[in-house]
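Following: one structure in structure tokens, then a few remarks.
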Amino acid sequence: MNLAEICDNAKKGREYALLGNYDSSMVYYQGVIQQIQRHCQSVRDPAVKGKWQQVRQELLEEYEQVKSIVSTLESFKIDKPPDFPVSCQDEPVRDPAVWPPPVPAEHRAPPQIRRSNREVRPLRKDMAGVGARGPVGRAHPISKSEKPSTSRDKDNRARGKDDKGRKNMQDGASDGEIPKFDGAGYDKDLIEALERDIVSRNPSIHWDDIADLEEAKKLLREAVVLPMWMPDFFKGIRRPWKGVLMVGPPGTGKTMLAKAVATECGTTFFNVSSSTLTSKYRGESEKLVRLLFEMARFYAPTTIFIDEIDSICSRRGTSDEHEASRRVKSELLIQMDGVGGALENDDPSKMVMVLAATNFPWDIDEALRRRLEKRIYIPLPTAKGRAELLKINLREVELDPDIQLEDIAEKIEGYSGADITNVCRDASLMAMRRRINGLSPEEIRALSKEELQMPVTKGDFELALKKIAKSVSAADLEKYEKWMVEFGSA
């Protein structure tokens, strides 16, 4: 125990008390009292130990005096009505031709609302219901019997709420409620920022909503879905894959595959981007990465989807790499290496699976590529997949009887899934554009819904294809295929 540190803390506590900074003074007093208590436990000589206990008692008395000062100052902040009525005889004689002075409004402190740690923010409909019960901003008056709360009462209430929150978190699963993550040691703002990135515990995207990509669906079922159904089988060398990397051109359905994985498994789905894990403050980005994986293990089974992972974990050792970026990459690699929730002694149903997507696989760091054990190629849709995409995108639109989706699917060869969706959207708007051509705004507003619900024709698709070109070139496809031949692991 450093005796100089004890003396320094006691000196600072007294100085802050003299300067009127009572909060800081109480912190130093608490720290030095705890230090003396620990030091007394290590002292063997009874005489020396008695002197230290006497010093501790004196500091406790000073600490209580500071607390009483704080309590007195807080009691001054509470408005109290006068103890005796104002006599009418003291008022000056009023002139009837002059307006009397306004009556001063009575200021009352708002009632203190106790909130538990597990309280979640209400939805919009809940907020509307609260507003319907009574006028907003009208607080109930405080009765005279209520006593002003002191700092000691606040500490006791806060301590009681923390204990209750921990107990509720442990019993949350048995009550059927979703337990709340206890982020002890982390900033509350960081936890709330990551909780906002929990897209949903059920994103409602199913395999049938994704056309084609049968090989990718099969691998993702094997990596995520089957370990949930057969936990006894996926043990030892058969443990589930720790990470899956989806490689392919933009707009081929990588994000929808990740959401379908979370839906089919019923897992908590974290949608993470580079902006989520970066901060301008030194060391906070590494904290965010570590906190993300701790929350994922708490809410397990979990799917962490990192979109555009090349922007977070690009190749290390380059000349233009910043030192802060290197620390974030190192923390991400460390957390991913220890994220295997289905190792020999762990429950596969409590696993955390990292699902990543990128359009630039050649920029990814080698160590990250090793941790993402499965690397699959998400190609452009085939002829069958293009026809299925047309049916999915046009299922809410009326089609002309003469239109053949198979013929249109042949014409859009080389288009990605996003390109096909844009073509369908543009073609479905062609009839509306023809109908409102030359009309004034008043005439457009007067149109009925039936006049705009016109079937989509083959000519509409031909016009849309003239306006929208494919976004992926043949050179890009060759580059992806070459990388998969060298580093693929399907």
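Each residue, glycine too, has its Cβ placed from N, Cα and C.
Taken from Swiss-Prot as is:
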- M1: N-acetylmethionine (MOD_RES)
- 87-182: region 'Disordered' (REGION)
- 116-127: compositional bias 'Basic and acidic residues' (COMPBIAS)
- 128-139: compositional bias 'Low complexity' (COMPBIAS)
- 143-169: compositional bias 'Basic and acidic residues' (COMPBIAS)
- S174: phosphoserine (MOD_RES)
- G248, P249, P250, G251, T252, G253, K254, T255: ATP binding site (BINDING)
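Just so you know, of the binding-site residues G248, G251, G253, the Cβ with the fewest other Cβ atoms around it within 10 Å is the one at G251. Within 8 A of the CB centroid of the ATP site residues G248, P249, P250, G251, T252, G253, K254, T255, the other residues of that chain are M246, A357, N359, I378, S416, G417, A418. Within 10 Å of the C-beta of P250 (ATP binding site) we count 13 further C-beta atoms, all protein chains included.
In the three-state DSSP reading, G251 (ATP binding site) counts as coil. Scoring each of the binding-site residues (T252, T255) by how many neighbouring Cβ atoms lie within 10 Å, the top position goes to T252.
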